[in-house]
Amino acid sequence: MATAPAGVSFSFTKVATEPAEFPKVQPLHGRLLPWAGGHRAFPGRRTALVASAPSTPPGISEKVAESIKKAEEACEGNAESGECAAAWDEVEELSAAASHARDKLKGSSDPLENYCKDNPETEECRIYED
């Protein structure tokens, strides 16, 4: 339950003169809601924070960047066209392929699994069957 303080007053002597700095937002080109046809449902609203992973295999990230440029060019005239949708579908598929390739490069990141591969006889790694 919220209560309002009685008899309290605030006074400020300093005024903020510099604008607040916010993190830069990079555009994310692709579907935001894949089940709703994201690029058609929200035209012009393709912004999100994007972090690039350094473990992407060589060549795939260039293909993704190239396909994004092609998709932007295809959608310049008419964002509702089938050509535009197909171009963004290609971007989505290449991005998924890059993600799967990163996962393969990363391998098993669970330290216990890595330990059990090397030491299967230890107590922590025993597998009991009912």
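Glycine is no exception: its Cβ is also placed from the backbone N, Cα and C atoms.
Pulled from TrEMBL, these are the features on record:
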type     : residues      : note
DISULFID : CYS75-CYS84   : disulfide bond
DISULFID : CYS116-CYS125 : disulfide bond
DOMAIN   : 60-130        : domain 'CP12'
Could you round the CA separation between CYS116 (disulfide bond) and CYS84 (disulfide bond) to a whole angstrom and send it over?
49
One finds that other Cβ atoms within 10 Å of the Cβ of CYS125 (disulfide bond) number exactly 14
Residue distribution over DSSP helix, strand and coil in the domain 'CP12' (60-130)
52 helix, 0 strand, 19 coil
Could you tell me the C-alpha distance between CYS84 (disulfide bond) and CYS125 (disulfide bond) in angstrom, no decimals?
51
Quick one, of the disulfide-bonded residues CYS84, CYS116, which Cβ has the fewest other Cβ within 10 Å?
CYS116
